[in-house]
Amino acid sequence: MKAKQRRSTTCNNCGSHLEEDYNYCPSCGQSNSDNNVTFSTLFKEFLDNYFGIDSKLAHSFIPFLFNPGALTNRFHEGKVKHFIHPVRLYLVMSLFYFFTISYLLSDINLNTFDEEAEYTTASIEALKDNSRLQLLSDSTRMALLEDSLVDRYSNIASFDQLVDSLDADYGEDFLEDFKVSLSSVSIPDRKEEGYINKMHRLARDNRIADSVFWDSLTQGGKTNFKLFSNSDEAHLQQQVRKIFKNDEGFKGFVLGNLPLMMFILIPLFAGILKLIYVRRKHLYIKHIVHALHIHSFAYLIYGLTLLIMFKLITEGSFPDGQAVGLRGILGFAVFVVTSTYAYISFLKVYKQQWFKTLIKFNIVGFIYVFFLQIFFSLEVLISFWYY
C-alpha cells in the first residue's frame, strides 16, 4: 500500500506557493509532505500504511467473524477495495496469536520461579566478580546466592560441609573477602535426587566437560550415531547440554520459529485444497486466500481463548480443581466452533453438497494435521541443532 502524503500549500524549504496535488516543489525540488502532525494521526497512518487497519476493519469485521467464506468470495470477485487484504489480516492475527502464547509462557515461567524457586538467581562467581552485586547488602546477596549454593553442593548435609566445599573450590581468601553470612543458608534434608534434576544440575556445572555430561546422561551406555561425524556428535552433545542448562530458553527459541513454520504451511494447505478440489478448476490463489482467512480466524479465536483460560479461569477464581475442568470444556467448545466455521467456509467457497463437503473437509483436516506434525517435528529438530 502506498503511504499517504500530507500535502501543504506552501513549501517548507523555500516558501513557494504549491498546489495540493504537487508531489514536489517546482522551485527547489523538496518533497511536498508535512510531517508536523499529532501522535494519534501518525499512529493511525502507521496502522493504515502497514497493516491496512482503518475503515477496512469495519467493513471486514462482521463478515470475517460471522460469515465464513464471505471475504474469500469477495476477494475472488475482485471486491478488495473496502476489505483488509488477506495477507495483512493473516499477519495481524498471527502476530496477536503468537504474542499471546509468548506472553502466557513468560508469565507461567515467572510464576514457576516465584513459587518453586527452581532456578539459580545468582551464581557464586557472579557475586565474587560482579562489582554491582557486591554493593548489595549481605542479606540481599545471600538471598540471591542461597539457591546457587544448594544447587552447586546438592550433597551437603551440614553447614561445616558447605564451608569445607567452598574452601576447597574457592580458597580461604574468597571466604574471607566474601562477607556474607553463610550461616543463614538453609541446608535441605538429604533426599534422593531425581534423574532430570540431576541432569539440570550437571549441565549448569561448567567444570564438567560435555563428554562427561553425556556419559552421565546416557548412564555410561554406549551410543552409536552412524549418521553423525565426530564433529557432529560433539555438536549433538553440546546442544543437549544447552537444553538441559536452559530448557526455557529452548522453548522460547522453538516458539520464535513457529510463525515462520505456519506461514510456510499455508501454501501446503492450499495445495491440499487444490488436490481435493482438482475437478472444480479453482485457481490456486483462491485456495491460498481461503487458507489465509481460515487460519486468521483460528488465530484470533484461539488467542482470545488462551487469554481467557489462563487469565480469567484461574485456580484462585475457581478452586478445588474447577479451573482445569472449565479450561477443558472451553477448549473443546472453541475447537468445535472453529471447525464449524471452517466447514461452513468450505460450503460457501466451493459450493458443493453438504455431505460431500463434510467428507472432503475431514480428508483435508486429516492430511493437514499429518503434515502439521511432520513440520513441527522438523521445526523442533532444526531449532535443536541451531539453538
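Yeah, the Cβs are placed from backbone N, Cα and C, and that goes for glycine too.
Automatic prediction, not curation, is the source of TrEMBL annotations.
So that you can see what the record holds, here are the features copied from TrEMBL:
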type: TRANSMEM; residues: 87-105; note: transmembrane segment
type: TRANSMEM; residues: 258-277; note: transmembrane segment
type: TRANSMEM; residues: 289-313; note: transmembrane segment
type: TRANSMEM; residues: 325-344; note: transmembrane segment
type: TRANSMEM; residues: 365-386; note: transmembrane segment
Closest-packing stretch to the transmembrane segment (87-105), where packing means Cβ pairs under 8 Å, from 289-313, 325-344, 365-386: 289-313
Range from 258-277, 289-313, 365-386 with most C-beta pairs under 8 A to the transmembrane segment (325-344): 289-313
Chain residues outside the transmembrane segment (365-386) and at least six past its termini with a C-beta under 8 angstroms from it: 235, 239, 243, 250, 253-254, 257-258, 261, 264-265, 268-269, 272, 339
